[in-house]
Amino acid sequence: MSQDGRRDGQPREGGVGRVVEVKGPVVDVRFPPDQIPEIYNALTCKIETEEGEHTLTLEVQQLLGDDMVRTVAMSSTDGLRRGVEVQDTGRPIAVPVGEAVLGRVLDVLGEPVDEQGPVEGEADRWPIHRPAPKFEDLSTKAEQFVSGIKVIDLLCPVRRGGKVGLFGGAGVGKTVLITELINNIALQYEGTSVFTGVGERTREGTALYGEMEEAGVLKNTALIFGQMNEPPGARFRVGLTGVTIAEYFRDVLGQDVLFFLDNIFRFAQAGNEVSALMGRMPSEVGYQPTLGTEMGALQERITSTKKGSITSFQAVYVPADDPTDPAPFTVFAHLDSTVELSRSLFEQAIFPAVDPLASSSTILDPDVVGQEHYEVAQEVKGILQRYKELQDIIAILGIDELSEEDKVIVARARRLQRFLSQPFFVAEQFTSLPGKFVELEETVQSFREVVEGKHDDLPEQAFYLVGGIDDVLEKARQLSGEEEEGEEAAKEEAGVGAGGEGS
């Protein structure tokens, strides 16, 4: 161990063992009694397949006794046989770090998968198992990070150097939202970004790579993937690979790093698979008993220090839309901001489908965001909360039974609900609307005008899928013009019809 508590990443003389048993991605290896490898050490062996010889990497997970260790494979074990020689590398999995990885696509082992040759200038390799920063090294500075997305900036602001969770069930827009955040922040911020795909679709990774290359931000981004089709060991460790690369930029280069992780649920799911393969007794709902420890080991490394910061955005799949499921529930405790995606809003075509009442942030405080921002956010939430309370009455008795004051609140809430929608740059091909990046000052001012009732006379449709209040006014003028044209056309048709009858 070096003085900072991490392994130095330099290989030591390790022992040589032989494969005893292969059970899918789990491999048992026997070593000489005086050469038993440590937990988390990386082992390598050669496999002969029809495609030729390649190296398989294993990670030690258990010491079984009788000179045997149980390991998990980082890639397919097809072609592996009993008796194959296994080399202990004498260190954990170590991945390349530094500016050489920017613009590259890597796997869990730090090997390039973008067919652009080896990573050049590998000046350093860091082990993926490292301790979290010490308490005295952490930064406590609270500052807002502008995302350009109105509903997030206003109601659940992002803390610079904090952690944001994007919670949602299947198909409600988590990946689209995280891709838009990458587009907005990477383009505006022009800093270093690290994207880690954990157990998600290969298609999405390919699309993201193409979009980043087209936008010109790939040169400042490292992409690390452990996709759906890979063994659980790769999906379980790829998150640590991404964090390790981000830590180098923070600790050595002193940078403010953006860390995107899609999807943290797949990390828990892969850990569940590994735990079952190890023969451990599951806990509630079938999850591994070590879920909290594993999540904490990852999350506590994603933090800000006095040297630099890591601002992370994590997509969190919510199984069956149940937020009490142990996997998303375990993530909650580590976050500074939670962005809840609502299936109900998604069905109403409010995009992004962020639930303004369920979402929250620890920095939505007058001392951090300012008094005006805080007051506007609370007024918006208050109006939407009252609208939610009135919906049952409206459904049973109708809106006409409400008091005049409540009718005004309902109308204003519906405008606010639509105004929280926004056209995305990454969804332009689907909406045919140009994307909008809304500055924080414009967001606060626009919503202040709406909650004060300055635009109660404008149609609800004018507030839908627009940027700031100027876009609302422009859309209202267009709608008014279209309505007048429609009335004139109707009059002309009526006149032609009357003339035809007269003849």
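Just so you know, glycine gets a Cβ as well, placed from its N, Cα and C.
Model, not experiment: these values are computed from the prediction.
In sequence order, Glu200, Glu204, Asp262, Ala315 constitute the residues six or more apart from Thr175 (ATP binding site) in its chain with CB-CB distances below 8 Å. If you look up Swiss-Prot, you'll see Gly168, Gly169, Ala170, Gly171, Val172, Gly173, Lys174, Thr175 marked as ATP binding site, on the strength of sequence analysis.
Per Swiss-Prot, region 'Disordered' is recorded for 478-503.
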DSSP three-state assignment for Gly169 (ATP binding site):
coil
For the binding-site residues listed here (Gly168, Gly171, Gly173), which one has the lowest count of neighbouring CB atoms within 10 Å of its own CB?
Gly171
Cβ neighbours within the same chain of Ala170 (ATP binding site) - under 8 Å, at least six residues apart:
Tyr317
Could you name the residues, excluding Gly168, Gly169, Ala170, Gly171, Val172, Gly173, Lys174, Thr175, of the same chain that surround the ATP site, i.e. Cβ within 8 Å of the Cβ centre of those residues, in sequence order?
Tyr317, Leu341, Phe346
10 Å Cβ neighbour count around Lys174 (ATP binding site)?
27
